[in-house]
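The GTP 1 binding site annotation in Swiss-Prot covers 15-22, 62-66, 123-126. The GTP 2 binding site annotation in Swiss-Prot covers 207-214, 254-258, 318-321. What Swiss-Prot records for 9-171 is domain 'EngA-type G 1'. Among the features that Swiss-Prot reports, domain 'EngA-type G 2' is placed at 201-372. According to Swiss-Prot, the feature domain 'KH-like' maps to 373-457.
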């Protein structure tokens, strides 16, 4: 190992919560040190570790997430910026499966202003087809960006090489490759395995404890694969089972039930972390709701997980045979409480009696087709043009607002860029109008549709 440098080079991993900072820290450190979870703000303190990158000893810092609304956010942000100032290199991690927010861009610019020796690391780019997702981050304006997937170990070697070059630690060191290093290398076999995985629809079953998730899994697979009990929280680890419908493979993941945060202790915290990991790899969520009693606030919070992970979603109303109210009342309440999921199909069932199970299976395939849909550019622009003609864009301070053209740059979920002269003038209500128009024309059943306004000049520059 090279120890010729008396002062170790320091690398800080920064970014908003839930983007994979701690997972990257663990990957680079080659052991599980930081607690990783998909709940925003898991890392509160700065984790410091001496590690070896290709034989070079460096100091790695994993920082708390910099979310604006996080508890202790001001203190965490100040600590982050101090770490950035003291570091030789910053790895600013973003979630490649999401559209960058104004807050994302603002935080990155603050960090970059503090220390320009900064790499933009776009995580969760799990395969070649998802590379187009990284285009959404072109507005960050940095030439030093890297597409990686920590969970699939993609792009990590290239990132390490770039880090060593930036720190002037790029001399070749002769050393024996141990088993861990060999195991971490990206190989064509890994790529082939990922291609096979893409052919399987990944479905996460989510809901509160004891709403019937395990019973639903058993009914879907016709197996007693998941332990069913009246004791809340029977399922601890996610349990998966693959079935075949025609030529289509569907992998179901029965996740641990989620209860109020204040009651999460010990092994349930572990179970909740595993649930979040399972959802990150899912395409579609089956949100199971118990209609033997009125909906509760936690049902709404859990439903936001599908939105958070940009998943397709199907609402499953379980225990319909013992529902607490008439059909009309339940549907009216559902529409009111889950208004943001108005595009999701609703299926009533009794999992123990296996009612409407085939309908659920076929609806999964239908939603997945919508989730994977790509609209021809000519058709997309025709609909956008007609919509803007029918209801013109409001002016911005007396100045005309134009949409030059639209392009779909990603699927799973569908993501569309509107190339405009004044993108910041696109009001959320008008964006909602365009999304509703696209849903009506192209059928995005159960599928989130992401619309992203971009400046024409920035697109031309990139």
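Every residue, even glycine, has its Cβ placed from backbone N, Cα and C.
Features recorded in Swiss-Prot, as mapped to the structure shown.
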residue	record	DSSP (3 states)
15	GTP 1 binding site	strand
21	GTP 1 binding site	helix
63	GTP 1 binding site	coil
125	GTP 1 binding site	coil
207	GTP 2 binding site	coil
213	GTP 2 binding site	helix
320	GTP 2 binding site	helix
Cα proximity to residue 207 (GTP 2 binding site), best match among binding-site residues 15, 21, 63 = 21
Query = By CA distance, which of the binding-site residues (18, 21, 63, 125) lies nearest to residue 320 (GTP 2 binding site)?
reply = 18
Ask   = Across the domain 'EngA-type G 2' (201-372), what is the average pLDDT of the model, as a whole number?
value = 81
Query = Just going by other Cβ atoms within 10 Å, which of the binding-site residues 15, 207 has the emptiest spot?
reply = 207
Key: Secondary structure content, the domain 'KH-like' (373-457) (per DSSP, counts of residues)   = 34 helix, 22 strand, 29 coil
Task = Give the residue from the binding-site residues 18, 63, 210 that has the most other Cβ atoms within 10 Å of its Cβ, counting over every protein chain displayed.
result = 63
Query = How many neighbouring Cβ atoms, not counting its own, are there within 10 Å of the Cβ of residue 320 (GTP 2 binding site)?
reply = 19
Task = Would you kindly give the Cα-Cα distance separating residue 18 (GTP 1 binding site) and residue 213 (GTP 2 binding site), rounded to the nearest Å?
result = 25
Remark   = CB neighbours within 10 A of residue 21 (GTP 1 binding site), counting all protein chains shown, number 30
Ask   = Using Cα coordinates, what distance in whole Å links residue 15 (GTP 1 binding site) and residue 210 (GTP 2 binding site)?
value = 36
Message = Neighbour count first, Cβ atoms within 10 Å, every protein chain included; then name which of 125, 213 tops the list of binding-site residues.
response = 213
Task = List the Cα distance (Å, whole number) between residue 18 (GTP 1 binding site) and residue 210 (GTP 2 binding site).
result = 27
Rounded Cα separation (Å) that holds between residue 63 (GTP 1 binding site) and residue 210 (GTP 2 binding site) = 36
Query = Taking the Cα atoms as reference points, how far is residue 21 (GTP 1 binding site) from residue 210 (GTP 2 binding site) in Å?
reply = 33
